[in-house]
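Visitor: So Swiss-Prot lists these for the protein:
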- 133-194: ATP binding site (BINDING)
- Glu283, Asn285: Mg(2+) binding site (BINDING)
- 107-313: domain 'ATP-grasp' (DOMAIN)
Amino acid sequence: MKVLVVGGGGREHAIVHKLSQSDRVEKIYCAPGNAGIGQLAECVNISVEEIEKLKEFALQNKIDITIVGPELPLVEGIVDEFERTGLKIFGPSKKAAMIEGSKYFAKQIMAKYEIPTGRFKAFDRYQEALKFLKETWYPVVIKADGLAQGKGVFIVRDFIEAKEVLDLMMKKRVFGPSGDIVIVEEMLYGKEASIFAFVDGENVLTMMTAMDYKKVYEKDEGPNTGGMGSIAPNPHIDKKTLNEIEEKILKPVVYALKKEGIVYKGVLYAGLMLTKEGPKVLEFNARFGDPETQAILPLLKTDFLEIIEATLEGKLKNLKLEWEDKKAVCVIAASKGYPGEYKKGFEIRGLEEVKEAFVYHAGTSFKDGKIVTSGGRVFGIVALGDSYKEAREIAYREIEKISFEGIYYRKDIAAGY
């Protein structure tokens, strides 16, 4: 079977790696891919936004299944485009991907179908939002409605901070049209959790749980990032909690979308807060998480391609997922300055020294025969162990073997577990 993976980050490297372990996969293409992915797949120089070109490539190369990594092409309607031409593609339709593409849409669905989430108000006018922020309790969370690469969520402690964020979104328009609608949400307290499930339109098959580390600095300080590390399984979720999440959140949202005339197929990712009142939804995403995927997929024993096919064919109820009885720890190495301004093009040394962990490339490329940095998050080291402590020790031991100018990573991933 020929498979095309769309994307070029650490998540896509983990997907390509998992696919490469399937006997049924003959050839993997990845668009655009990166320096690490290029060792397992043929990288194709087409960006994730170029849907028409991706479709042409899939047709010309007789691709059997396309798997979409990032959210942007999903929200832009890549699945609808491919299906129109009879191509098999894994991911939700444009309408279904709205669950991630518009936080306001997701909140409306949750409110209508009583899916547990924080109280909220949405504004499309600056003055109305400002008036509300003058009168509200603090802290609150302000979110851009649309896609913002994980950087459109702000916790604000007082009106001064709130006005700064509002100006950023609605006056300076740093997120462009994504900030045309702004959500003000109550602050939820507890432990964060990421839950992923395969959804075939009807059935929900939950994956291994995970926990990610969003803040750039240790002790969860500093600005939000796309994720600085992750661990799997999530130490705060037991069987009872997972069951509650499935019955009160995952299944109800799939049902709610169906009632609205939207069939959801692909991966559903619920970002949750485990509060004293039970799990509540922070956000929904329409794809695999990054960097959670890098911790989850190495633990998967079931053939990945088989799961993808069962999802597309509506046959998930016949499938049972099998997992390694181990813990996974993923530590992300980033460029100095990330998530703000950073320089690229630095040579990465020591990659071949890593023997006891997986290295999943994110912002890497080839230049003059050398692997160099090309993004904010450069790579992730993923180690498995019988305990979080063992996996953590291996991950940090291995990451020390790799260097590039300005390398930065958090030293507290999986600490205390």
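The backbone N, Cα and C atoms fix where each Cβ goes, glycine too.
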Visitor: Return the residue, from the listed binding-site residues Gln149, Asn285, with the maximum count of other C-beta atoms within 10 angstroms of its C-beta.
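Guide: Of the binding-site residues Gln149, Asn285, the most buried by Cβ count within 10 Å is Asn285.
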Visitor: For Tyr189 (ATP binding site), what is the secondary structure state per DSSP, taken as helix, strand or coil?
Guide: coil
Visitor: Can you tell me the CA-to-CA distance separating Tyr189 (ATP binding site) and Asn285 (Mg(2+) binding site), as a whole number of Å?
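Guide: So the Cα of Asn285 (Mg(2+) binding site) lies 20 Å away from that of Tyr189 (ATP binding site).
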Visitor: In whole Å, how far does the CA atom of Asn285 (Mg(2+) binding site) lie from that of Arg173 (ATP binding site)?
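Guide: A Cα-Cα distance of 23 Å.
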Visitor: How many other Cβ atoms sit within 10 Å of the Cβ of Arg157 (ATP binding site)?
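Guide: If we count other Cβ atoms within 10 Å of Arg157 (ATP binding site), we arrive at 11.
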Visitor: Under a three-state reduction of DSSP output, how is Glu283 (Mg(2+) binding site) classified: helix, strand, or coil?
Guide: strand
Visitor: Of all the binding-site residues given, Leu133, Val141, Val165, Ile181, which has the fewest Cβ neighbours within 10 Å once its own Cβ is left out?
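Guide: Comparing Cβ neighbour counts within 10 Å for the binding-site residues Leu133, Val141, Val165, Ile181 gives Val141.
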Visitor: So what sits near Glu283 (Mg(2+) binding site) in its own chain, CB-to-CB under 8 Å and at least six residues off in sequence?
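Guide: In sequence order, the residues whose Cβ lies under 8 Å from that of Glu283 (Mg(2+) binding site) (at least 6 apart) are Glu100, Lys103, Ala106, Ala270, Gly271.
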Visitor: Can you check how the pLDDT averages out over the domain 'ATP-grasp' (107-313)?
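Guide: Taking every residue in the domain 'ATP-grasp' (107-313) and averaging pLDDT yields 96.
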